[in-house]
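The structure under discussion appears below in the form of structure tokens.
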Amino acid sequence: MGNFHFFLLCILVLNFVPDSVHKSVAFQSDDTTTTQISNHFNVVEVSSLLPTSTCNPSSKQVSSEEEESLELVHNYGPCSPKNHGKANAPSMLEILDRDQKRASLMVSRQRYGKNQVQLRWQDSTYVINVGIGTPKRMFTFNIDTGSDLLWIQCLPCKLGKPNHDCYQPKRPLFDPSKSSTYTKITCPSHTCSLTNTTLGYTQCVSSSCTYLGAYLDGSLIFGYMAKETLFVGSKTFKGIMFGCNEVTFNATLDKTDGIIGLGQGFLSFVEQTSNTYNKVFSYCLPSNPNRVGFLRFGKTKRVSKSLKFTKLGRDNAIELTGIKVGSTTIPITVKKDTAFIDSGTVITRLPSKDYIKLREAYRKAMTGYRFVGAISVADTCYNVGGHKKLKLPRMSFLFADGLLLDIPPSGVVIPYNSTVVCFPFAATPETPGGEDFVLLGNYQQRTLEVVYDVAGGKLGFGHGGCK
């Protein structure tokens, strides 16, 4: 056989290699609202995509010596303790607008450095309950894999206006003067110096280590670095470093008391509890705000049967090489360490040139529905009024090491309202030099068990983590 014919034969063989050769994490639903009708399409009931106004809790989370499991709920959903069983969500238009701002900040942070650009603290989506202080008091914290600092709003709390504080009787804040285990971090000290490398700006004030956070939206925060006792599920952690925020300029307090940063920096909760949990944690984001997911710290024995791993780099970098829509594969052309997984970003962002190709393939698969144009950053929306079920293209993420991860059907459309749905992907914001970044958002992570083994440098995905 000539070299040319042998070359053609090799191409034919490679083109017909089945997907089973990859490390595949295939979607297998035990939910009666989703039906796979072919290798390229699922049928989903419209009602299953829409949130309800009442909480539908799952089974109680169980902890052990090796792990700690906490309920994880949507900040604006009826399951959030701040909402007292009633949904209190902003409009989808507001959510998408906020998400675009966060995506811009995330890209800027990766380009210019974490200590130069801070995320807006109210941008995170999912919350847990954690105890703090002695005696213990419970507070609601956002989780955020895109930041490192653990901090809480403290008394006295000022909004930056004369005689205008942020204390409200229905919202008691953490009062460090009433905790016997609260201690400020002194300055100058080695600990305060290390804090400066994470936050970018610390200063000695009356021998105490203070921080100032400047946000791209114009807001500022000021507080004291301190140590305190934290109660996470059944476990107690003494001497956890955190920020006790006292002054907030040009910002509004949302339905959360603080943030638990789950990044890879010196101050993150993951790093500070590494002796207990070995830098391993996992979460499952529920399919809807009216359902309950989980956040687990430590290695767990109750992992999804389909769990497969891919490489996890610095700052939660991933090696995404392509996205499948039905039978079409769209290559993702980004440099190493420019694609990241993030729990706070809602819809996935792709380089503009790749997004346009993905959008074209998606639109071809959705020709059975009336196209209605763009809503905010979501530029591909459809009127599905009158349809009880939707025929949606199957989609998958492809990673450099061969992992093929099916996107849950709930991550293929995002409902704008009861009659309009949109494509939950968008082009990366056009910040200077940042157009080639990828952000894998939380909408495509819903119902997946996502395992961060930071020490092992790997990221795991498994279907059926929660509903």
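Yeah, the Cβs are placed from backbone N, Cα and C, and that goes for glycine too.
Listed in TrEMBL for this protein:
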- ASP144: active site (ACT_SITE)
- ASP342: active site (ACT_SITE)
- 126-462: domain 'Peptidase A1' (DOMAIN)
- 1-23: signal peptide (SIGNAL)
Secondary structure at ASP342 (active site), reduced by DSSP to three states: coil
For ASP144 (active site), the three-state class that DSSP assigns: strand
Per-residue pLDDT averaged over the domain 'Peptidase A1' (126-462), given as an integer: 89
Cα distance (Å, whole number) from ASP342 (active site) to ASP144 (active site): 8
